[in-house]
Amino acid sequence: MTPVTPDLLEVWLKHDRTLARYVGAYLFQFFLYGFYTTLFAIGVYVLYVNCSGPMRWPFLITIAIMYSLATADALFALYKLMQHYLHGKIFPVLVPLPAMLLFVTSSIIADFVILFRCYASWYRQQRFIIIPCIILFCISICGYTFAISSSPRISKLFPIYSWMNFGFNACLTILISGKLWWSARRENPGPSPEMRRGYYFIMALIVESGAILPAYLLLMLTVKGPILRAGRNQVVGIAPTLIMLQAAMRICNQGVNAGIATQRRYAQSSSTPVLDSIFSTVGASAPTASQTPLESCTPRHGDDQHEGGSGNV
């Protein structure tokens, strides 16, 4: 039996601490994937069942593609974890080439969703989308180049792509949140009940502006460790899904509010809406000659003579 020396014990403890960090990273990734699965199911239900309009199918296709990319990343992470235990590797690789390619592809789709949200919030003015599209194209080329390059010097520059992606998302978030804040202050100058509930407005502002994604990217780039790096592909899909789900729920609420307002106007038009509906049905079955407003208010010539004759008697 091999004696346990202090050096060997130190190696074992160091290996256990490192392994615990990587296992924690995988667990964090699977936790985010479970949350994303629940969010995806809610989004599909809201968009397919309760929402109608020209943007329903584009939203459904977009969230389905992003969820497929997140699922592929989770399955690949599970495969690497099983490979680690079967082959006894000490340091599992959390960011291999497929994970980087999935991250770049998911980031492009997420950036397009946030860019479209910025375009819609600024009254669909083209000057607010042309330059960001060019910047996004250049950032995407850099991301794919850093990910698939065989040169170690170029592949080490992949964190630069993350910083560029963070800067791009931060600028879009500032534009969206600033426009939403200004519109809310202009439409509601006084302290309305919803404005007094500051947390409600702030949470809606964070979700609609996509601030979750740049905040997570900044935290991932500043805090060194495998945990945040393992869950970035899931967060990249969660943030735009929340934006599209918020937009779909707003459309559904507008439709419900319009229906309620129509019912209220119909109910307020008469004190007896049931009797009105019955009489309108009876009147429809026995049509009469149409009269102009002038004819309905002016007596006919024959009736006038008859009334006059009876009056003379």
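For all residues, glycine too, the Cβ spot is worked out from N, Cα and C.
Under the heading transmembrane segment, TrEMBL lists 26-47, 59-79, 91-116, 128-148, 160-178, 199-219. According to TrEMBL, the region 'Disordered' annotation covers 287-313. The compositional bias 'Basic and acidic residues' annotation in TrEMBL covers 298-307.
Within its own chain, the transmembrane segment (160-178) is flanked in space by residues 104, 107, 111, 114-115, 117-118, 121-122, 128, 132, 135-136, 139, 142-143, 146-147, 205, 208-211, 213-214, 217-218, 220-221, which lie at least six positions past its ends and keep a Cβ under 8 Å from the stretch. A Cβ distance under 8 Å defines the sequence-distant neighbours of the transmembrane segment (128-148), meaning residues of its chain 6+ beyond its ends; these are 97, 100-101, 104, 107-108, 111-112, 115, 118-119, 122, 154-155, 157-158, 160-161, 164-165, 168, 171-172, 175.
Sequence-remote contacts of a segment are chain residues at least 6 beyond its ends whose Cβ falls under 8 Å from one of its Cβ atoms, and for the transmembrane segment (26-47) they are 56, 59-60, 63-64, 67, 70-71, 73-74, 77-78, 81, 227, 230-231, 234-235, 237-238, 241-242, 244-245, 248-249, 252.
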